[in-house]
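As recorded in TrEMBL, the features of this protein are as follows:
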BINDING   G42, V45, S298, N330, L395  Na(+) 1 binding site
BINDING   A44, N49  Na(+) 2 binding site
COMPBIAS  553-565  compositional bias 'Low complexity'
DISULFID  C147-C156  disulfide bond
REGION    543-579  region 'Disordered'
TRANSMEM  36-54  transmembrane segment
TRANSMEM  66-87  transmembrane segment
TRANSMEM  108-135  transmembrane segment
TRANSMEM  215-236  transmembrane segment
TRANSMEM  248-275  transmembrane segment
TRANSMEM  295-312  transmembrane segment
TRANSMEM  324-349  transmembrane segment
TRANSMEM  383-404  transmembrane segment
TRANSMEM  425-451  transmembrane segment
TRANSMEM  457-478  transmembrane segment
Amino acid sequence: MVGKGAKGMLNGAVPSEATKRDQNLKRGNWGNQIEFVLTSVGYAVGLGNVWRFPYLCYRNGGGAFMFPYFIMLIFCGIPLFFMELSFGQFASQGCLGVWRISPMFKGVGYGMMVVSTYIGIYYNVVICIAFYYFFSSMTHVLPWAYCNNPWNTRDCAGVLDASNLTNGSRPAALPSNLSHLLNHSLQRTSPSEEYWRLYVLKLSDDIGNFGEVRLPLLGCLGVSWVVVFLCLIRGVKSSGKVVYFTATFPYVVLTILFVRGVTLEGAFTGIMYYLTPQWDKILEAKVWGDAASQIFYSLGCAWGGLITMASYNKFHNNCYRDSVIISITNCATSVYAGFVIFSILGFMASHLGVDVSRVADHGPGLAFVAYPEALTLLPISPLWSLLFFFMLILLGLGTQFCLLETLVTAIVDEVGNEWILQKKTYVTLGVAVAGFLLGIPLTSQAGIYWLLLMDNYAASFSLVVISCIMCVAIMYIYGEHSSLRPPVTRPLARPLCVVGLLTPPLSRAPELLPGHPDDAGIPTTPLLSDLLALHLSCHHLPPGSGPPPPPLESSSLRVAPGAECAPPPAPTARGSDEA
């Protein structure tokens, strides 16, 4: 008996619970739990882990930044991640359908859809640029290695040009922060900067001057949207198979680049710039704000994707285990990527004879200017460039899959009839076409201005606001009137809500689940209360306790009054009371 129960618990299910009772035939489930974990890892681990975190860590005190970062992970990141997974798994609905618990807060779901829409539009444009660089790397000599191209200006100064070397001296130091060369037209620029600005983007002089649509980028945008659509053509059934490659291969590329990077001259200097702690930075509020924003952005909290992905889980899956694994994997990847990035940047700085701070950058400036410039210094540079941009493509696609599925699932669940369930593929196609059309302005000559504007404001402080409202709605609006918690745990649950911890209603109420009426009365696995080791919350609901399940057409997830989850008396006494 003990061995059988332990085996059931390892699978995230309740012992003696039949597996087929957890299948949601109407919406479908993941093929297995590994598909969900890999999809969530691919969703959380994105471009921000590579081009944003290493620079934030360096700028905010190096190793000292790790302290506020992991504090935010423990007290904000993992609890909110756990809450969203539990919320979606509990309701088996997307980011709109879950708000049946409190329809007045359905605007939070719409807010999540707006955030996912904004990010999905510009995220695929970044992927299309990575596609463009990937195709451009299929050559013997990288086109941004030298200054002898038609688009180069007289101010161009490449680190490989013989004209930069005089009597064996090192080339002149590059201007500080390569991404800001747009504002330093009188200074010499790198060939990678001119390739990015004058050839790939043909950058206009103002955000309002759209100019022409860059047809090569438009073609790559079409390719990226076709790839995303084909991978989601059967929903989670098809994307769950694709993530076996898209979620794992980036780690292979990161490892290859890491091994190559640490063997280069100057790599140790770059890594020390990345890790050297500046403890006085901890006292600055901006450092803590950057740590919090990076946690929210990197984990994908309040985007709606976590709720959507978890809604395809089996009802009794151990989502707490998954939330810890995915969150830690995401943050460990960010730290690991920092070694990869700064080892190469340290080598570049050593080659140029400048400080690492002069070549350190973030965002598109790192991905498409600074890092490609560093790759030209390596032997067989086209190979390393292909690997790097292929990694960026896979990282972007892993996030884009979930962004598109979030929008599609929200639409399908909101309509909810049999026709749209059968035509979900056409809904996916419609959302993909709309995303492609909305992304066309971002491929114009002023598109990068709008992309950076959306990147800075689409998913920043709004994520904090959405998460706070969601916590208040679940705990104080839905949870306060739910009688599933014993009075002794309520004073403890309120302060926990401040850091986003999920209270017991969502982990102990199978009878509230729409579409799972057969689960009423089944013993459930305690989650939050046992994790906190307080042992003050209720025990498992015995079979037959609690109210009967609500009808399927009910629009509320509330349980009827009187279903108090108090420690049950002896079975004979309960039987006599009910009789």
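Placement of Cβ uses the backbone N, Cα and C atoms for every residue, glycine included.
Here the features listed in TrEMBL are placed on the structure.
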residue	record	Cβ neighbours (10 Å)
G42	Na(+) 1 binding site	28
A44	Na(+) 2 binding site	28
V45	Na(+) 1 binding site	28
N49	Na(+) 2 binding site	25
C147	disulfide bond	23
C156	disulfide bond	20
S298	Na(+) 1 binding site	23
N330	Na(+) 1 binding site	25
L395	Na(+) 1 binding site	29
Whole-number Å distance between the CA of N49 (Na(+) 2 binding site) and the CA of G42 (Na(+) 1 binding site)? 11
Counting Cβ pairs closer than 8 Å to the transmembrane segment (383-404), the top stretch among 108-135, 215-236, 324-349, 425-451, 457-478 is 108-135
Decide whether the stretches the transmembrane segment (108-135) and the transmembrane segment (425-451) have at least 3 CB pairs under 8 angstroms, with pairs required to be 6 or more apart in sequence. yes
Provide, as an integer number of angstrom, the distance between the C-alpha atoms of G42 (Na(+) 1 binding site) and C147 (disulfide bond). 38
Using the alpha carbons only, what distance in Å do you get between S298 (Na(+) 1 binding site) and C156 (disulfide bond) once rounded? 36
Considering the transmembrane segment (295-312), which listed stretch of 215-236, 248-275, 324-349 counts the most C-beta pairs under 8 Å: 324-349
Report the nearest neighbour of A44 (Na(+) 2 binding site) in space among the recorded positions C147, C156, N330, L395, comparing Cα positions. N330
About how far apart, in whole Å, are the alpha carbons (Cα) of V45 (Na(+) 1 binding site) and C147 (disulfide bond)? 35
Cα-Cα distance linking L395 (Na(+) 1 binding site) and C147 (disulfide bond), given in Å to the nearest integer: 31
Can you tell me the CA-to-CA distance separating C156 (disulfide bond) and N330 (Na(+) 1 binding site), as a whole number of Å? 39
Whose Cβ lies within 8 Å of the mean position of the Cβ atoms of G42, V45, S298, N330, L395, the Na(+) 1 site, other than those residues? V41, Y43, A44, G46, G48, N49, T333, G398, T399
